[in-house]
Amino acid sequence: MLFGASQGALKISFDALFDEEYRDIWLNIRLPRVLLAVLVGAALATAGVIMQGLFRNPMADPGLLGVSSGSALMVGVAIVLPFSFPVVLVLYEQMMFAIAGSLVVCTIIFLITQRHRDGSMMQLLLAGIAINALCGAAIGILSYIGDEQQLRQLTLWMMGNLGQAQWPTLLVASSFILPAIIATTSLAGTLNLLQLGDEEAHYLGVNVKRKRQQLLLVSSLLVGAAVSVSGIIGFIGLVIPHLIRMTTGANHRWLIPCSALAGACLLLMADTLARTLVQPAEMPVGLLTSLLGGPYFMWLILRNRRIT
């Protein structure tokens, strides 16, 4: 974290922190960004664990299923269309819209899986493609009717960007993400039992309907809060749970905290690279995670096809 906070167009050494100007840059620009990268990476990876466990599907991911796009659409609505909120809720405006969008999409995906219990992995992916397409079209309409400033804000935000991190943003995001991650760890045993199937979990004393609703709500909070402050950052929720599952096994009591930690580290490294590869400019961090996740996703499809 300290290394990441020191990197960028202006490198800040430890000795430079004694200078007031450098210290102000480090404390008010670099450090909030590093902490936000850790927070968002942990949130997306944890949401990926929940979705893969909830749908019992290794391809489940906030981006692939359209959950991130649902959040993005609602944030786009908040950016382009005029809404008046009480002063107390202004900081939470985009986050509330994003959480609402992710919750709607999670519910749609859940209803599809409940109606077609024997549905294949391809059906779930096709549903995600359809949702992504619809949300993308709606975001395109918002971009068309928005002014130049709103269009620029939407474009940068859709590519995934942590450059607007500030202490108030960090505090608002952490007020949703940290409790949601803690709640997820408390539901680890439930996720383990749900892997046996709904009937077996019910016989073992799990209120399947209520627990699924709780997991949907928690995953929506995680994705909505993350997307509202960082934009769309793809594939962390897909790649990290798979890599951690290969090393720690499928026990969610280990899988959840290890995935959260690994997701935080991955996004922190990606953001550090985004700030240093094309200095003095910056790459959108979402582009880097897509470059990593795209090939991994194709490998995963081919691997599952060979297994089946």
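Any Cβ shown, glycine's included, is placed from N, Cα and C.
Residues annotated as transmembrane segment in TrEMBL: 34-55, 67-89, 95-112, 124-145, 165-194, 215-242, 254-273, 285-302.
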Long-range environment of the transmembrane segment (124-145) - Cβ separation under 8 angstroms, sequence gap at least 6: 55, 57, 59-60, 64-66, 69-70, 72-73, 76-77, 79-81, 105, 108-109, 112-113, 151, 154-155, 158
Residues of the parent chain within Cβ reach of the transmembrane segment (215-242), under 8 Å, 6 or more residues beyond its termini: 36, 39-41, 43-54, 58-59, 61-64, 67-69, 71-72, 75, 94-95, 97-103, 106-107, 110, 156-162, 165, 169, 172-173, 176-177, 180-181, 183-184, 187, 190-191, 255, 259, 262-263, 266-267, 284-286, 289-290, 292-294, 296-297, 300
Within-chain partners of the transmembrane segment (285-302) [C-beta distance under 8 Å, separation at least 6 from its ends]: 37, 58-59, 64, 158-162, 230-236, 238-239, 242, 266-267, 270-271, 273-274
